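A short worksheet on the structure shown next.
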Amino acid sequence: MSRLFLACLLAIFPVVSMKSPIFGPEEVTSVEGRSVSIKCYYPPTSVNRHTRKYWCRQGAQGRCTTLISSEGYVSDDYVGRANLTNFPESGTFVVDISHLTHKDSGRYKCGLGISSRGLNFDVSLEVSQDPAQASHAHVYTVDLGRTVTINCPFTRANSEKRKSLCKKTIQDCFQVVDSTGYVSNSYKDRAHISILGTNTLVFSVVINRVKLSDAGMYVCQAGDDAKADKINIDLQVLEPEPELVYGDLRSSVTFDCSLGPEVANVPKFLCQKKNGGACNVVINTLGKKAQDFQGRIVSVPKDNGVFSVHITSLRKEDAGRYVCGAQPEGEPQDGWPVQAWQLFVNEETAIPASPSVVKGVRGGSVTVSCPYNPKDANSAKYWCHWEEAQNGRCPRLVESRGLIKEQYEGRLALLTEPGNGTYTVILNQLTDQDTGFYWCVTDGDTRWISTVELKVVQGEPSLKVPKNVTAWLGEPLKLSCHFPCKFYSFEKYWCKWSNRGCSALPTQNDGPSQAFVSCDQNSQVVSLNLDTVTKEDEGWYWCGVKEGPRYGETAAVYVAVESRVKGSQGAKQVKAAPAGAAIQSRAGEIQNKALLDPSFFAKESVKDAAGGPGAPADPGRPTGYSGSSKALVSTLVPLALVLVAGVVAIGVVRARHRKNVDRISIRSYRTDISMSDFENSRDFEGRDNMGASPEAQETSLGGKDEFATTTEDTVESKEPKKAKRSSKEEADEAFTTFLLQAKNLASAATQNGPTEA
C-alpha cells in the first residue's frame with residue numbers, strides 16, 4: 001500500500017524531487033513581423049547530448065504540445081518559419097522563430113526527453129504590435145544609458161522661429177528643451193538643441209544618458225502659431241536583454257562588461273539583483289567588494305574600457321540577475337549605460353566537493369586538494385594567493401613547472417598525480433601572514449577554478465623535527481622525524497624539496513618515539529640516512545604522512561653541509577633530534593665538555609666561526625669577519641682556561657669532604673666520587689639519550705644530569721687493588737696534573753695561533 005501511495009505522489013509531483021538543470025530565458029519580447037532566437041542550456045553529459053530536445057507550448061490545462069523537436073518533427077504552424085539546432089559541445093540548443101504574430105504570445109517550455117517530465121524550463125514569449133504602425137509617429141529606440149538624436153524637419157517659413165521639444169502627458173505637453181536655451185530640470189545637463197545652419201531645414205535634439213523614464217511620446221516643433229511645423233516622436237528605451245550564463249555548482253564564471261569607449265575612464269561596477277529588489281554592488285573599480293564574495297572574486301580592466309569580473313566557487317545563492325555599468329561613484333544609477341546577465345547555477349555538477357576552509361597551527365602545515373578537469377591533465381596548474389587590492393588580484397606562488405615566489409622556498413610544493421583529476425598543494429612552516437584566500441587554477445578549463453580559505457590557529461605541530469642541522473662533508477647523516485600515535489597507520493616518508501616538488505627518499509623505521517609519552521606504543525621515529533654527505537645533499541628535507549593518495553601533515557628541516565675545521569675531532573654520526581630534545585642535549589654536552597676537555601672552548605669558537613649548525617650563512621657577510629674571529633678566539637682561550645681552573649678548584653674543595661670513595665675512570669681524568677652521591681645503582685650505567693647522539697652517556701652527579709658526547713667507544717676496566725690513599729692526596733695530585741696540562745695547552749695556543757687551538 002505504501003509503495004502505491006509513493007507512486008501516486010511521484011505522478012502528481014514529478015518536478016518536486018529535484019530542481020531541473022535545464023535553463024533558458026524567463027521572458028522574451030518582440031514585435032510583429034520580426035524574429036526571436038531562444039537559447040536553452042543543459043548539462044553536457046553524454047546522455048544529454050544525444051537525448052531528444054523539444055520546444056512546446058503550454059495549454060490551459062497544463063499540457064505542453066510539442067511544436068518542434070531535434071528529431072525532425074515540426075508542427076504545421078511552424079513549417080517554414082522555425083527550426084531547432086543542437087550544440088552538444090557547449091550543452092545548448094537554439095530555437096529560432098521568424099515572422100512573429102500576436103498569436104505567438106504565450107507560455108512555452110524548452111526541454112529534454114519527454115515533455116511530461118521535469119527536464120524543462122518555462123519561457124514566456126510576448127509579441128506586441130509595431131509601435132510605428134500603431135501611433136503613426138516616428139519611432140526612436142535607444143538602449144538604457146545611451147544617447148539618442150531626434151531629427152526634426154521644418155519648412156523655410158519657420159526657419160527663424162523658436163524650435164522646441166516637449167513631452168506629452170495626459171493633459172498637456174511640457175517643455176523639455178528649446179532654442180532659447182531653456183532646459184527642463186529633468187533633462188538638465190542631458191539635453192540640447194543643435195541647428196547645423198540656416199540652409200539646413202532640420203534641427204536635432206540630443207538626449208544623453210537616457211533613462212527609463214524618458215520613454216514616451218514627444219512633439220518636435222518649429223514655430224508657435226497655427227502654421228508651426230510639428231512631428232510626433234515615439235521614444236522607446238530598451239533595457240538590456242540579459243545574456244544567459246550557465247554555471248555548475250563550485251565552478252567559476254566570467255562576466256565581460258563592454259560598455260563602449262565613451263565610458264572607458266568612468267568607474268565600473270557589477271551588482272546582483274534578487275527577487276526584483278535593489279541591485280547590490282558585488283565589486284567595483286573603486287575597491288568595494290561584497291562580503292559574500294570575499295576571497296573569490298577579481299576584476300580585470302582590459303582595453304577599450306572592457307571590465308571583466310571572475311567569480312569562483314559558485315554557490316546556489318549566487319544565481320540571479322547581474323548588471324554591470326559605468327558611473328562616477330561606482331554605484332547603480334539610472335541614466336548610465338549597463339549590461340545584464342542571468343546566471344543559473346546547476347546543482348548537478350561534475351566538480352567534486354572539497355573543503356572551503358583549511359586550518360593549520362603556527363609552525364605546522366596544511367594540505368590542499370585542487371580539482372581540475374581530467375581532460376586538462378597536461379595543462380599547467382598553479383596556486384595563487386588572493387589579495388585585497390582595489391580590483392582584487394591573485395599573484396601566482398607556485399605552479400607545476402616550478403616555484404615562482406622565492407620567499408616560499410622550502411615551504412611550498414605542488415604535487416601532481418596524473419589521472420585522478422586532482423593536484424595537491426602543501427604549505428608548511430605556517431605563520432600568521434599565511435592567513436587568507438588561495439585559488440587553485442589551471443591553464444585549461446577556467447570553470448574548474450576553486451577557492452580555499454586558510455586559517456592559522458593556536459597549537460603545536462604534530463611532527464617533531466629539528467629546524468636546522470649541520471652535516472659534515474664525507475660523513476654520515478641521520479635525520480629523525482617523530483610521529484604521534486594518531487599517525488600510526490599512516491604511510492610515513494622523507495623527501496628532498498626542490499622548486500619542482502619533493503622527491504621521495506628511502507627511510508627506516510626506528511621504532512617507538514620518546515617524544516610522545518602519552519602513547520609510546522603507537523608513536524614512531526622514522527629516519528633518513530645518508531651514508532656519505534656531499535655538497536649536493538644541502539637543502540630542505542620534508543618528513544610527512546600519507547593516507548592512500550592523500551597527503552597529510554609535513555615538517556621541514558634545513559641541512560647545511562660544511563667541511564670540518566682542521567684539528568677538530570670527528571663525530572662518528574650526526575643524529576638529528578626533535579627541537580626540544582636537541583636543546584637539552586646541547587646544554588648537557590657543553591657542560592660536560594667544559595669539565596672533561598679544556599680545549600672545548602677553543603673548539604666551539606672555531607665551530608661558531610665556521611658557521612655552526614643552523615641555516616645557511618649570510619652571503620652578505622663582510623670579508624673581515626674571519627680575522628675578527630681569530631682575534632676573538634685568541635682572547636677567549638686564556639679566559640676559558642681560567643674559568644676551567646676555577647671550576648676544578650671548587651671540585652677539589654668538595655672532594656675533601658667525601659669519604660668512602662670508589663673510583664670511576666672518565667677518559668684520562670680521574671675523579672673521586674662518593675657512592676652516597678648516587679641515587680641508585682642504575683646511575684653507574686650509560687643510557688642512550690634519545691634527544692642526543694648515540695654516544696651520549698648520562699650520569700647523575702649530585703642530583704644534576706649532565707651529558708658527555710664521546711668521539712670514541714669508552715672501555716671500562718678494573719684497576720688492580722692498590723694501597724688506600726686519602727681523599728686529600730688524590731685530589732691534590734689530580735689538581736697538579738691538570739694545571740700542568742692547562743699550562744702546556746696555553747703555550748701551544750700562543751705559538752700556533754687561534755686557528756690551531
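Cβ atoms are placed via backbone N, Cα and C, with glycine included.
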Cysteine paired with Cys543, where Swiss-Prot records a disulfide bond, from Cys384, Cys394, Cys440, Cys481: Cys481
Whichever of Cys152, Cys166, Cys173, Cys324 is disulfide-bonded to Cys257 when Swiss-Prot is consulted: Cys324
Distance check against Cys440 (disulfide bond) for the recorded positions Asn83, Cys110, Cys384, keeping those with Cα within 10 Å: Cys384
Region pair the domain 'Ig-like V-type 2' (145-237) / the domain 'Ig-like V-type 3' (250-341), three or more CB pairs under 8 Å: yes
Cβ atoms near Cys502 (disulfide bond) (within 10 Å, other residues, all chains): 22
Greatest C-beta neighbour count within 10 angstroms, which of the glycosylation sites Asn83, Asn468: Asn468
Residue pair Cys279 (disulfide bond), Cys40 (disulfide bond) - Cα distance, angstrom, rounded: 25
Lowest local Cβ density (other Cβ within 10 Å) among disulfide-bonded residues: Cys40, Cys56, Cys481, Cys543: Cys56
Nearest recorded site to Cys543 (disulfide bond) by CA-CA distance, among disulfide-bonded residues Cys64, Cys257, Cys271, Cys370: Cys370
